[in-house]
């Protein structure tokens, strides 16, 4: 009987899911979508898209209107990319401008126009002198505005108090908005985006509310002075934009696989505006976040990143015609001997990355398992209070992190007013004044050195506690910021009078790359991002040396970067392509049902009633059911999804006369022979997947894991000689891998 069924199978039904929409008509738009916290079936989505494309192509030959519709369908991908680029570039510009203004608002206000930041206020002033370029009568600190005194202990204390007050207000607003309106807007969002791109559904994570609240609270969180960056959250914001525009086109809104292609490109646009690095953004999406990245997505990512960067450049938020505040250009060459300190920076970056990940994960686990997690608002307020209290006295921690990076990356020149450029100016020297390398360090440099050392220690400690709180928080900038000040020791010993000196800013940049590489384990994309930031082609070798060394050193202590560690901590079902499975287990060891389990819940091809199916759906929570010839033979003929089954029966009860609880459900081509007294049977052949993925019970788990990774399967059936034995789901694979690595298999929480 099974043979006759397979012989009668028409070719168009091989995909099963392809013709589902015809059968279930319009009132059920949810068909073939997925429940929250479930994994998508990549193969099924691919086959549905192929069917849709085939239908459009065949219709396009019928009339001019259909041809125009097919062209619009082909162009819709590029239109979505254009919209993502425009919106994410605009939002990034608005965020940059707002952060700039609100950061300065903690210290004072512009009297001529309160919406001007400190720098913009003094630009417009005619009284600004070159030496006191940061001081102008239009800009007043709070103490001067309130008491009329700009200097003195009283003014300092009042400014200190108001700085803390503003910081607390900003962070309180940020955490409150996140809690009340969009709980998913907290954190950096990259671990969740990686999980979503691997085929997991988290409803609302990329929704309109999340986009709005994340944009507003990101400004508040960064302005509050907390040790966090806006770069990770900008990727989340761009992906929200991508999801928003997907809903405008049915090609993407009705196909979760196609939607993920758009989200991969949106992640590239996010990094493009975060660092002003369009090519780095594309490589970041490819190397770090994407799971499925076809060539078409590569081109579209490139286009989205280009449009986003162009939009941000048009807004010009920093007034320097650059996409980031800390763009620098170096022109001095580096020497072969300097590779040693560059590699040492890489070692330091790798060690720092390991220390940070372990400390941060330990703290986040503590937050999850103790009372601390119940008071997120209190935690944010406490961390902000401590940060502001300790940050204000040190000028290097008081200012925004991007400004600090800008100062540390930049070379000293005649126009620099930084303490780091306070070199002794000897009038008897024969070389020109601005040739700084030949001049000995003045007191300002030594003063700056110990302040930077304190800033380093402070930032290292506080970032561990900040990342993972219930506010938008990125990691890129703190990782880059805190860890490149020890290069000054090398710098002081290296410079000899009369010789060309090394570039301290270059060491800062290489150290930044090393530490960021140690924390995130990025390599190629990291080097390209840093190279785009600096425009220095000749520094690619030092950057590569540092990035590779930091990855090697960090990998020696553990394979997971910070994002993978947070994925593990949250129990997301993420099958990492980079993990190797080397254990000698078989499919039969992993499949369910196990020895003492109840038998597998199955449907028969022509002897189950509607009532039986409804009872099975009510009593179990499985995502789908295998269909067999009969319970005695257990010969497999296909697989049917739970959701499709539910909707099909609901639809049939409403639209077909004679379908009642005792009606027989059949999945064969022809109706079974039934007594005349029986009610009308219900044919559900259309929703049956006749080609479910199967393996034999002796297939090595190494192969099964590979199949799940590369094909993005939800489940796989285990057979022997065509007879159904069991089922392996993605969750079973993840649990088995956790067990093999001596981890808790129950930590995998979702389906």
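Quick reminder: no glycine exception, Cβ is built from N, Cα and C everywhere.
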Of 50-74, 75-99, 100-124, the range TrEMBL labels transmembrane segment: 75-99
Transmembrane segment according to TrEMBL, located in which of 202-222, 307-327, 370-390: 202-222
Range among 424-447, 448-471, 472-495 that TrEMBL annotates as transmembrane segment: 448-471
Where TrEMBL places transmembrane segment among the ranges 137-159, 160-182, 505-527: 160-182
Candidate ranges 12-36, 262-286 [criterion: TrEMBL lists as transmembrane segment]: 262-286
183-199, 234-250 - the range that TrEMBL marks as transmembrane segment: 234-250
DSSP-derived helix, strand and coil totals, residue by residue, for the domain 'CBS' (688-746): 24 helix, 18 strand, 17 coil
Recorded stretch that, among 75-99, 160-182, 202-222, 339-363, 448-471, has the most CB pairs under 8 Å to the transmembrane segment (262-286): 75-99
Dominant neighbour of the transmembrane segment (234-250) in 75-99, 160-182, 339-363, by Cβ pairs under 8 Å: 75-99
Model confidence over the domain 'CBS' (591-655) (mean pLDDT, whole number): 90
